[in-house]
Amino acid sequence: MSDQQQPPVYKIALGIEYDGSRYYGWQRQNEVRSVQEKLEKALSQVANEPITVFCAGRTDAGVHGTGQVVHFETTAQRKDAAWTLGVNANLPGDIAVRWVKAVPDDFHARFSATARRYRYIIYNHRLRPAVLSKGVTHFYEPLDAERMHRAAQCLLGENDFTSFRAVQCQSRTPWRNVMHINVTRHGPYVVVDIKANAFVHHMVRNIVGSLMEVGANNQPESWIAELLAAKDRTLAAATAKAEGLYLVAVDYPDRFDLPKPPMGPLFLAD
């Protein structure tokens, strides 16, 4: 037995951006493409040892990320450029590292997070798009974004989101705290921006699906509040499609001092 000391272990956080349209979600699964699998493979090549990552939020199939955060541990000592440029050179073109930061032992990408923020982008036009067709959700009926915004404000604060929770959701509780929800129009694009401490499964897409019914004047503004109070998923609208959804930011305590690049996607301001 050697008395050599164990090499030091480094804990590293990364900001990750990805186009989820060609993946079966974030989480590694057997025999299907996942973002986690591609990232771990690229990191393992740079570290020259097996790497396992932990993420802030496991996005579903077809959902994108501009502000995903992960952490991993490694004995490999590398310069920041290796974890950014080097890893990116080993990643497919639809996944990229945006930043790197050494973090203390008590940091965890999921459990240290205090809030997550999503943006849902609707291309509101009579005709379907060709460019960015997998990065927006097409809705052909005219939408009243101001009406959608007003209807959504009842979701602020701590509420039971059973009516906007997927049937297969495994969370112990349907209660979540929504910090803001804003609906704005940018030309033909309608953007739903929502931030909460955490989300139940399909929560954003289920909220957006019902807000589109209000925006299209198929339901009154009061309908969202009625759905929230009913605590019945079967009364709400269908789940909005995955392709318009982006995880754009994750909040952490200031002491971790993580970078905060522009959220996007694309030209959308913070």
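A Cβ is built for glycine as well, from the same backbone N, Cα and C atoms used for every other residue.
Because the structure is a prediction, the values reported are computed rather than measured.
For reference, Swiss-Prot has these:
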SITE      R58  site 'Interaction with tRNA'
ACT_SITE  D60  active site, nucleophile
SITE      R78  site 'Interaction with tRNA'
REGION    107-111  region 'RNA binding'
SITE      R110  site 'Interaction with tRNA'
BINDING   Y118  substrate binding site
SITE      R126  site 'Interaction with tRNA'
SITE      F139  site 'Interaction with tRNA'
REGION    168-172  region 'Interaction with tRNA'
Residue among recorded positions Y118, F139 with least C-beta crowding, 10 angstrom cut-off: F139
Residues of the region 'Interaction with tRNA' (168-172) by DSSP state, where helix covers H, G and I: 0 helix, 0 strand, 5 coil
Neighbourhood of R58 (site 'Interaction with tRNA'), C-beta criterion under 8 angstroms, separation at least six: G25, W26, Q27
Residues of the region 'RNA binding' (107-111) by DSSP state, where helix covers H, G and I: 0 helix, 0 strand, 5 coil
Candidate with sparsest Cβ neighbourhood (10 Å radius) among R78, R110, R126, the listed recorded sites: R126
Pairwise CA distance, R110 (site 'Interaction with tRNA') versus F139 (site 'Interaction with tRNA'), rounded so that it is a whole Å: 33
Per-region confidence, the region 'Interaction with tRNA' (168-172) (mean pLDDT, whole number): 89
